[in-house]
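Written out below as structure tokens is the structure these notes cover.
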């Protein structure tokens, strides 16, 4: 009898140890804060349905730089979104995808996405979680299918472990894939430029030229590029001549189906604009000087030009002197956030 008691006691200890071991391996993701600059608007993304965690962020980062999300195993999200250029495709007028195929639009920067409700030039993506589906499935970008991506992730040695750390178990599905990518991109907050530090009274001083540019900008540009995000997030036709290389381009009309949206594009943020050349939806302008010249003298009546760009006499454009152009550019360069583009949290290596 005594032997049985001892044996049962030993078994009980073993079971208890096993239970404790199992409890120790239950993944408990580490909460992660989203740092919001004091001069920024409220976050648009609902963080309650996708709480930020360190493990979710790291999973999203690995996915962002993983070429296996494409059909060739080469083109990753980071392929077209390089940190040094505020996550744009440096030197390319339009995005390049698998097998060197070209898209028909310029890759937009990735920053401050937590504060937006719609994405892409035409607003085709109405939620950040859904946005990656567009490049992943585009024939000229990553040319892959979500089920194929999931199969590759499940067969990988590392991803089941990473999904377990982020979500508590190794289930790999599209919702978790997309939310992890969002967690990485949500943390891409750019709000520490010289302008920001000046605006917040943190000891930064702008030159007379930069201040003059700020004043001119507020008078002549802020109708569209409004607020601390430097965009009102609207869709507008800014009088660009039609690009013969992309005759199928319809702008916002491609999504809405309305003729009045023809050749309207989402007003881009101007943060880090010094780094995100070339400019416009098709990358047609290589310099800020060329952009200034266009707004002063290059606009055309293409049917749906925004009324704010037409004066009372019917003339198109924004009257700008040479000095005003130079001053605006000087101001725009104060929007460059070097801390953001050098932040090692977002670096691939």
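Note that Cβ sites are derived from N, Cα and C of the backbone, with glycine treated the same way.
Note that the coordinates shown come from a computational prediction; the quantities given were computed from them, not determined experimentally.
Feature annotation from TrEMBL assigns signal peptide to 1-21.
Other Cβ atoms within 10 Å of the Cβ of residue 81 (heme c 1 binding site), summed over all protein chains shown, number 23. Here TrEMBL flags 77, 80, 81 as heme c 1 binding site.
If you look up TrEMBL, you'll see 208-336 marked as domain 'Cytochrome c'. Summed and averaged per residue, pLDDT over the domain 'Cytochrome c' (208-336) gives 98.
Per TrEMBL, the feature heme c 2 binding site maps to 221, 224, 225. Under DSSP, residue 225 (heme c 2 binding site) is assigned to coil, being neither helix nor strand in the three-state scheme.
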Argmin Cα dist to residue 81 (heme c 1 binding site) over the binding-site residues 221, 224, 225 returns 225
As a whole number of Å, the Cα atom of residue 80 (heme c 1 binding site) is distant from the Cα atom of residue 225 (heme c 2 binding site) by 24
Secondary structure of the domain 'Cytochrome c' (208-336) by DSSP, residue by residue, totals 48 helix, 13 strand, 68 coil
For residue 77 (heme c 1 binding site) and residue 225 (heme c 2 binding site), the CA-to-CA distance in whole Å is 27
Reading the DSSP string in three states, the entry for residue 81 (heme c 1 binding site) is coil
Residues near residue 225 (heme c 2 binding site) by Cβ (under 8 Å) yet at least 6 apart in sequence within the same chain, in sequence order, are 217, 231, 232, 267, 269, 270
Around the Cβ of residue 221 (heme c 2 binding site), other Cβ atoms within 10 Å, all chains included, total 19
